[in-house]
């Protein structure tokens, strides 16, 4: 086999693993939070971050998948800690929303991330895009409004948490660009995860014990009743790290534009698979709204590329 074919096969395998990890962790989150009586989104996020902390350390320090980047100052560590807290909020909010919303609608709302990113980028850095680029965001928002009206399983609190999580995710990406903008402070995504994860664990552990006081007893009881529950929790946590690792590798071996296109398609694939698995009802209005949002995101990405 030629080297070009081997490279193409390697990239295709990475993309498949990336899709599997992202969609898998999303579906397992929904399964655990809705179908297994596991009502602890903060503890679930704690499990994810614990797995990310352990596996990041093994991957970078022992297996040397990427070179270790050292935190050089206390101010840089404080910036990473700030990002970690914002990141915790986005993940917890997303997990809470999955208790109340179907995965398909969760993904429709999550597709509005570029809208919030553009808003925060303008408010925090005064960075302006071309008007055509902002115009492409209109169908992104309108599509979610339409999808909300056509969603049979709409839940107001779940919707608020999902919007909050999406906004926090966008805020984190803009904040990361501001806080770690100097050449001496830039970290690749895997090293950033290595330092963010333990901080997230320190934040989430007391939060879970205070806000979910019986989490350990209930989790062990659920594990005794269903032998697969603890295994699914472990698999879910491992896949959360795999999603971050493969996201980094796909970006490294392709391009940010390719990642954006693949990401748009990934959301649609997750919606279709979730409907088949969870059998949640969908309407023509909901599908039309989600389709409009995805097309808006695609148009936004293209406009941003052309008018950069």
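Numbers run from 1 along the shown chain.
Glycine is treated like the rest: Cβ placed from N, Cα and C.
Annotated domain 'Sugar phosphate transporter' per TrEMBL: 11-300, in sequence order. The transmembrane segment annotation in TrEMBL covers 7-28, 40-65, 77-98, 104-124, 131-148, 154-171, 192-210, 230-250, 257-278, 284-303.
Away from its own ends, the transmembrane segment (131-148) comes close to residues 105, 108-109, 111-112, 114-115, 118, 154, 159, 285-286, 288-297, 299-300, 302-304, 307 of its chain (Cβ-Cβ under 8 Å, at least six residues beyond either end). Residues 25, 29, 32-33, 88, 91-92, 95-96, 98-99, 190-191, 193-194, 197-198, 200-201, 204-205, 207-208, 211-212, 215, 218-219, 233, 236-238, 240-241, 244-245 of the same chain, all 6+ positions outside the transmembrane segment (40-65), place their C-beta atoms under 8 angstroms from a C-beta of that stretch. For the domain 'Sugar phosphate transporter' (11-300), the predicted model reports an average pLDDT of 91. Between the transmembrane segment (154-171) and the transmembrane segment (257-278) there are fewer than 3 Cβ pairs closer than 8 Å, counting only residues 6 or more apart in sequence, so the two stretches are not in contact. Taking every listed stretch (7-28, 230-250, 257-278, 284-303) in turn, the largest tally of C-beta pairs under 8 A with the transmembrane segment (104-124) is reached by 284-303. For the transmembrane segment (257-278), the residues of the chain that approach it from at least six positions outside its boundaries are 15, 18-19, 22-23, 26-27, 30, 34, 102-104, 107-108, 110-111, 247, 250-251, 290, 294, 297-298, 301, 305, judged by C-beta separation under 8 angstroms.
Here the transmembrane segment (230-250) has long-range neighbours at 11, 14-15, 17-18, 21-22, 24-25, 28-29, 31-32, 36, 38, 44, 47-48, 50-52, 55-56, 59, 65-66, 188-190, 193, 219, 223, 258-259, 262, meaning same-chain residues at least 6 beyond its ends whose C-beta is under 8 angstroms from one of its own. When Cβ-Cβ distances below 8 Å are used as the criterion, the transmembrane segment (284-303) is approached by residues 104-105, 107-108, 111-112, 114, 118, 129-130, 132-133, 135-152, 257, 260-261, 264, 267-268, 271 of the same chain, each at least six residues removed from its ends.
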